[in-house]
Amino acid sequence: MTPKHEIQEFVTVLVRDPRIQKEDSWHSYIDYEIFIHTNSICFTRKTSCVRRRYREFVWLRQRLQSNAVLIQLPELPSRTPFFNMNNPNHVDHRRQGLQEFLEKILRDALLLSDSRLHLFLQTQLSPEDMEACVSGQTKYSVADAILSFASLNRRFPVEDEEEKKGKNDADSDSESSSSGLGPSDDSISCGCKASPASEES
């Protein structure tokens, strides 16, 4: 028998809020906020928010491609010598391309099984630290890293309240306690603070 109301799994990803960050007195770069809202069992946290720069997206694509050689990964927006971080059209075009890239990645079950993708989307670890975590060279697991980042950056109290309620209402209707729908659209506007730039090679 199938349940009357099957809950449709979803993953919403938004790439938004581009900000110019100073790397040093001579160099700047733009990073983007990546907001995830989901009820998918693939994700440790149902709501998360991190900031990533373009070169980290390039790293992610390379790692995903090397682990899924038979899959044709979507392209990133092209790196152009004419990119001007002070030109809103250039910045928004790149932002849209990064969002489309993530939307396509998140539709593929094989890519969704890659731990690097989850660390990229739900922690602020550098690529080097993500590699170390995935290869077991850290004291913490992938899930530990995600939960630790979430506990240090609590921006989504609704999800925490739902988790507590879910524990208290264990005997209630399983459909409502396992929906994992989290905050409403009104709370999706909540942002995350810019994190300090991670050191990259």
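Cβ coordinates are placed from backbone N, Cα and C, and glycine is handled just like the others.
Nobody curates TrEMBL annotations by hand; they come from automatic prediction.
Among the features that TrEMBL reports, compositional bias 'Low complexity' is placed at 175-189. The domain 'PX' annotation in TrEMBL covers 10-127. According to TrEMBL, the region 'Disordered' annotation covers 158-201.
For the domain 'PX' (10-127), the model's pLDDT averages out at 94. Helix, strand and coil counts from DSSP across the domain 'PX' (10-127) read 45 helix, 30 strand, 43 coil.
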